[in-house]
Amino acid sequence: MSDMEELDVKAKQYTPQLFLESEDKTDEARSTFNELQECTYSSKSTGSSGQHEHMTCDCYEDWDSDKQQNMACGEDSDCINRVTSVECSNKFCTCGNDCQNQRFQKKQYANVTVIQTELKGYGLRANEDISESSFIYEYIGEVIDEESFRKRMIDYDTKKLIHFYFMMLKKDSFIDATMKGSLARFCNHSCNPNAYVDKWVVGEKLRMGIFSKRNIQKGEEITFDYNVDRYGAQSQPCYCGEPNCIKWMGGKTQTDAALLLPDGISEALGVTHKQERQWLKENKHLRSKQQSDESIINEAFVKSIEVSALTESDVSKVMGALMRVQDLNITQKLIERIYLTSDDSINSSIIRVHGYKTLSQTIKAFKDEDKELISKILIILAKWPKVTRNKISSSQIEDVVKDINTNSNDDNLKKLSSDLLAEWGKLQMAYRIPKNIGNDKESNSPALYGRNARSRSRSRSPDRGKSAEPQHVETDEALPDGWQTAFDPNTQTNYYYHAELGISKWERPIKEVPKGPKGPKALPVSEPIQRPNSNSNGRSYNEEELTRREEERLKREKEEQFKEIQQKERLLQELILQSQKELEEKKSFEEKMKLEKLEKEKERQALKRKKLKKSKSSIPPAPPVPIDGQWTKTFAKHVPNFLKKYEAEIGRDNIKGCAKELVKTLVAKEMKKNPDTKPPKELDNAKLKKIKEYSKMFMDKFLIKYRSKHDKKRSHNEENGGTKRVKPDVE
């Protein structure tokens, strides 16, 4: 026996330690972090399950009146969602509200408390016995992308944080419970754990839970293997104390034992940890050559696995693993197992457990990485049994295959996808029984034609392993007008539907006046048996009574259908009226707001005008300009123009002085003649001529004085070609 095998045997024989006397430290532990009720997400896409279509099971509601609970989709059922690690939804599943497969949503956690351990800090203790495969707690924290994860790893390492709180949700999403999380963060590591982590699809998100690996006793510490999906900045010594302890946990460089496949994956691949350890022992040299230190699985081992076709018991394991796995090597092996499966009944089971939806997501995830993988998936889809196109349509896989056919450059993929689309195009949609049609009522139909009415209160999930043959009702009678029959592959029975009325039922519809039961086809001729009180009248009465009852039942059905239609129409009308009312209210509100805005604007403008008017009225009016000032202004417009020609000789300053003196003289003359007469707006030509003549006379006198005074200077300038004199006007 190898050392590894001996450790495994010791681990199995090991009696777990109980912490019944340890003090409850839950409140104290809660003070060390911020407790979250739900995971938070750094973006909308972070932590996405990748399942854009809702995964619905095919179970029926199973109401327990004593417990007042819907017991559908329980642990012992064959709910296709539960076996593939998908939680049911009240909104989309047909199993009724609040089924047993909503443990994450309802927070159905085990009874646990936090305790103080000797070497490992806080730990999580079971307060009562926990049975195998039970949901213990959800691992909650901040869901971040890979870039943020890398940054936080460095940051926490710098801050010397030694505890591990990162969990890999998927290859690009990580849960960080370092600062914010739930009590699940206190689960310690063990090399021989009593629990394991598993990823479940809940709505549009992938969530992580801790589940019991075996029966857990009251007082046991709950532990799982940190080396599966959990990360820390540095490797740490392990203090689990188990016989098979590998001494170290976490860090970038994983030990061989740390790279063992998770339980669900190894089962789906059809291998055991014992086989994997044996392979590691024999091929240890391959690890350093064929994979990097960042790998989280033994890649060489996965590639070496020789897979086989699926058995019936393998279906849920493989499909559940395929829905959650992101590693290409593992995906290739899982697809290979489905590819090797040729049994139609097993392939039908694969289709039932979300086969089309799962392969659709696999194609989307790896279409650019592995053409051979996509080719195998298309071949698998082509060989699957096809009766209707219902599941093909609901999974939206047809659009994915069309995308391959349109955009792929590979001729083989184009042909496979084209052939598959052509084959799917020939299929028809099957009419489905609407949800909750008569599920909560026993059939009111009388036991006619020698058979009992079909019970409607069926178990939500059919028993596993029972293959029911199609049940065909043998009768020569034609169906009533408007009724048609169809076969339901899920229940292997016929059902009846009326397309015009939009109703369906399990019981065969009968005409308003049903025929009596048929007798045997070939009875031997014999003497009639005489019975007391048995005559033709009595038999006729029974038939008439049955006919009357059946007519009343049909009448009630029609009345109920009519009332239902009226109710729907009334509700629709109410919705329309409500919508119209809301629209009118919205318009009215918008108009009101618009008017209020206009009124406010008017008030603002009026206030502005009022302020402006007030400011203007506060300024005193300017005093009237005196008459002499008005004459000054009038003459000042013309005199400078008359003197401009003298500027070259006497200069600008002298011109300004002459103009000022001349205007002053003219104003004095006007004021002397007519002191009360204002000047006209414009002077006439005669007036302007007089001003011009007077200006000339004034300047002639000024020039005589100016020239006389500057004779000597002017003589000097004339000798050097200097200042030129103004040519006198010729009269």
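A Cβ is built for glycine as well, from the same backbone N, Cα and C atoms used for every other residue.
Fair warning: this is a prediction, and the values are worked out from it, not measured in the lab.
Quick look at what Swiss-Prot lists:
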{"type": "COILED", "residues": "539-618", "note": "coiled coil"}
{"type": "COMPBIAS", "residues": "460-475", "note": "compositional bias 'Basic and acidic residues'"}
{"type": "COMPBIAS", "residues": "531-540", "note": "compositional bias 'Polar residues'"}
{"type": "COMPBIAS", "residues": "541-552", "note": "compositional bias 'Basic and acidic residues'"}
{"type": "COMPBIAS", "residues": "607-616", "note": "compositional bias 'Basic residues'"}
{"type": "COMPBIAS", "residues": "716-731", "note": "compositional bias 'Basic and acidic residues'"}
{"type": "DOMAIN", "residues": "110-227", "note": "domain 'SET'"}
{"type": "DOMAIN", "residues": "234-250", "note": "domain 'Post-SET'"}
{"type": "REGION", "residues": "436-487", "note": "region 'Disordered'"}
{"type": "REGION", "residues": "510-552", "note": "region 'Disordered'"}
{"type": "REGION", "residues": "606-628", "note": "region 'Disordered'"}
{"type": "REGION", "residues": "708-731", "note": "region 'Disordered'"}
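Residue counts for the domain 'SET' (110-227) by DSSP state, with H, G and I taken as helix and E and B as strand, are 17 helix, 53 strand, 48 coil. Across the compositional bias 'Basic residues' (607-616), the DSSP tally of helix, strand and coil residues reads 10 helix, 0 strand, 0 coil. Note on the domain 'Post-SET' (234-250): its mean pLDDT in the predicted model is 77. Per DSSP, the domain 'Post-SET' (234-250) is made up of 0 helix, 4 strand, 13 coil.
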